[in-house]
Amino acid sequence: MQSNKTFNLEKQNHTPRKHHQHHHQQHHQQQQQQQQQQQQQPPPPIPANGQQASSQNEGLTIDLKNFRKPGEKTFTQRSRLFVGNLPPDITEEEMRKLFEKYGKAGEVFIHKDKGFGFIRLETRTLAEIAKVELDNMPLRGKQLRVRFACHSASLTVRNLPQYVSNELLEEAFSVFGQVERAVVIVDDRGRPSGKGIVEFSGKPAARKALDRCSEGSFLLTTFPRPVTVEPMDQLDDEEGLPEKLVIKNQQFHKEREQPPRFAQPGSFEYEYAMRWKALIEMEKQQQDQVDRNIKEAREKLEMEMEAARHEHQVMLMRQDLMRRQEELRRMEELHNQEVQKRKQLELRQEEERRRREEEMRRQQEEMMRRQQEGFKGTFPDAREQEIRMGQMAMGGAMGINNRGAMPPAPVPPGTPAPPGPAAMMPDGTLGLTPPTTERFGQAATMEGIGAIGGTPPAFNRPAPGAEFAPNKRRRY
């Protein structure tokens, strides 16, 4: 009985749904007719001047210089447009002429077989204006489709530290290649969300950054949390999916049988809708629990990191202190070695000085000794001279005595006396005696005996060989 009521209720609800579906189809057909009428209208004329565009109704003048922001880079991937539904016979020159109103085009590419192309304008603002004005414009029986081209060299950066700005993000990723744009995503209050976008000028730089950051740990600040890099999801949040682009197949018509509505309580739709809501709620709760677990794990890791950082700093300070102590010890050893070397050098210098002084003293003594020996060799000393004079005196006395006993040799008259010492010698016949000296008393005694016949000397002197008193020393 209850099932019949449910069936009747669904049957009653199905009747107005079909009526609403019929009105929806009629509204859709009216929209298609209006679009066809707009396509049949001639396109607005495109001025040849690329610096300004004037409207017949409003008379607007566009200065292209005003659409460039200060410091904005030109001809980037963000100003690249995709143009679809192109005629198969369109040329590159016609493509440039179509967009010359919006400034000089930097890049033009046409794929005639597939009927699409790409064009790059100077700035993002000019590309947006061209997109709005040329989208859905009829050209040779086809309706142009203008969209922003997908940026294949853009990356999403996660786990950004709190104090990372756009400039720092661009500077950090510029090591991989030329960066066209780097943005740190913030919330409605301007607080960083920990995510960012980096757009490179080419795919090789983006691939290099993706590989390097995946293999290693890329740090942007002192906080040792590495960033994660992944390809950016190309999502169109501006145009979305218009009705005219939806594929009208059998599944489309089946889904569009029911209009937007609230499920009636107690119905089949309501029962399974509630089950779907329970599943979504469970997913949300589990996601919240996962987020809480991750948050707790992050806080715990940050606390451990701070403790480890403090310990690491203490260890570094200890190592630095030990290094400085070792350096001081090494410097002290070097100083001691230098002092020892200096002392040894001073000792060697002192020893060398003493040796030189000793050598000089020896040389002086040797020189004096040689001088004395040379003086003695030339002039005999007083003692030797006395001995020699004594011997000469004794020999002279003996000669005089002998001459007194012998007759004188006859000398012829007129013969001069012989020169030399013999002429100076005293003659016994004349009764002359040589003068006596105190030192040669023996010779005087002998001379007196021989010449005068025993006259005593001036003072009694013992003969040679006589013994002296005990306290007297013998003189030679």
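Glycine is no exception: its Cβ is also placed from the backbone N, Cα and C atoms.
Keep in mind it's a predicted model, so treat the numbers as computed, not measured.
The feature region 'Disordered', as given by Swiss-Prot for the ranges 419-447, 448-476, sits at 448-476. For the domain 'RRM 2' (154-235), the mean pLDDT of the prediction comes to 93. Ranked by Cα separation from K248 (SUMO2 cross-link), the recorded sites K101, K131, K195, K203, K254 are led by K254. With respect to their backbone Cα atoms, K131 (SUMO2 cross-link) and K101 (SUMO2 cross-link) stand 12 Å from each other. Ranking the recorded sites K104, K195, K254 by how many other Cβ atoms lie within 10 angstroms of each Cβ puts K254 at the bottom. Note: the CA-CA distance between K104 (SUMO2 cross-link) and K203 (SUMO2 cross-link) rounds to 24 Å. K254 (SUMO2 cross-link) sits 41 Å from K195 (SUMO2 cross-link), counting Cα to Cα. Counting residues per DSSP class in helix, strand and coil order gives 21 helix, 26 strand, 35 coil for the domain 'RRM 2' (154-235). There are 11 other CB atoms within 10 A of the CB of K248 (SUMO2 cross-link), with all protein chains counted.
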